[in-house]
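Below you'll find the structure, written out as structure tokens, and then a few comments.
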Amino acid sequence: MPPVPQTRNLKELPKFRDGLSYLYVEHAVVEREAGGIGIYDREGLTLAPVAGLGVLFLGPGTRITHAAIRLLAENGCSVAWVGEGMARFYAQGLGDTRSAARLYRQAQAWADPALHLQVVLRLYRMRFPEPLPEGLTLEQVRGLEGVRVRETYARWSRETGVPWYGRSYDRGNWRAADPVNRALSAGASYLYGLAHAAIVSMGFSPALGFIHTGKLLSFVYDIADLYKADYLVPAAFRTVAESAVDEEGVERRVRQALRKAIHEGRLLERMAEDLLGLFRGLGLPEDEDPVAVEEEDPTRPGGLWDLEGEVEGGVAYGGDDPGEGSEEP
């Protein structure tokens, strides 16, 4: 690695609401530097602490050394490989052992019909700027949601002057769709990538959806839909309005517009807060302190399932010899 003209030190990292810090890197080389990592890019070397880092997002044009990955893993930091601006989620590597408490809460709510319905109604209500009347049935809420979506498209069509004939696109013939539909589809894929990254990084499952079902990314669609009216629809219509003369490349431009809006609106942090709040107050474990669900000691062995409840793991059962009957941590 050639000498670099400037060295910066990231003493403070951006954080989700629960204190989990994260860092996004693209077009750079990540190496191990003393007790942290060094990020080499065109601007020079940036030193980042590892002990306080929860998730490292690696964007396009990024290379990372084995030594850096090992250090991150030893310090319990997750690594996620994502697209530009987190527009896609490709893979993740988990570091130290982490609590599955959030996944358990999600699974319990998903499996219980009454709790499942509560979460579905919460997800729908979160899409509306004003509180909905109490006592509405799920069918009534779906109807109001349909009206809200149609009005959102119509309003942005009026404000930007972009004609709107309805949501329509052909997966087999992408170019057959009009520019605004292409912009909406391209922008939606960007939003799905960000939601996927937030869900996995926070310890939830992208497959256990509540409104959407049957797909491995069902929960991703549930969460991304919360922000389409605030981010996706305005960006798509504005981008097409600004591209009236040149309709080519509208997909790239809408992704750029979305990336800027998402960064300025700190949407990743908002997603993390909404994910935590979604399962709060359902009568599930840790309801009294839903944010502090991580284990005090992440290296402690997990428990063992039992008919009477969880029993201690990492303990030798069935003999005096400490090696007999012991379980793997």
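One-based numbering along the chain as shown.
Backbone N, Cα and C define each Cβ position, glycine as well.
Marked as Mn(2+) binding site by TrEMBL: Glu145, His212, Asp225. Taking Cβ-Cβ distances under 8 Å and a sequence separation of 6 or more, the neighbours of His212 (Mn(2+) binding site) in its chain are Ser218, Phe219, Tyr221, Asp222.
Summarising the annotation, TrEMBL assigns compositional bias 'Acidic residues' to 287-297.
Annotated region 'Disordered' per TrEMBL: 287-329, in sequence order.
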At a 10 Å cut-off from the C-beta of Asp225 (Mn(2+) binding site), count the other C-beta atoms across all protein chains. 22
Long-range Cβ environment of Glu145 (Mn(2+) binding site), under 8 Å and at least 6 residues apart: Tyr124, Arg127
Which residues, same chain and not among Glu145, His212, Asp225, have a CB within 8 angstroms of the centroid of the CB atoms at the recorded Mn(2+) site? Leu123, Tyr124, Arg127, Ile211, Tyr221, Asp222
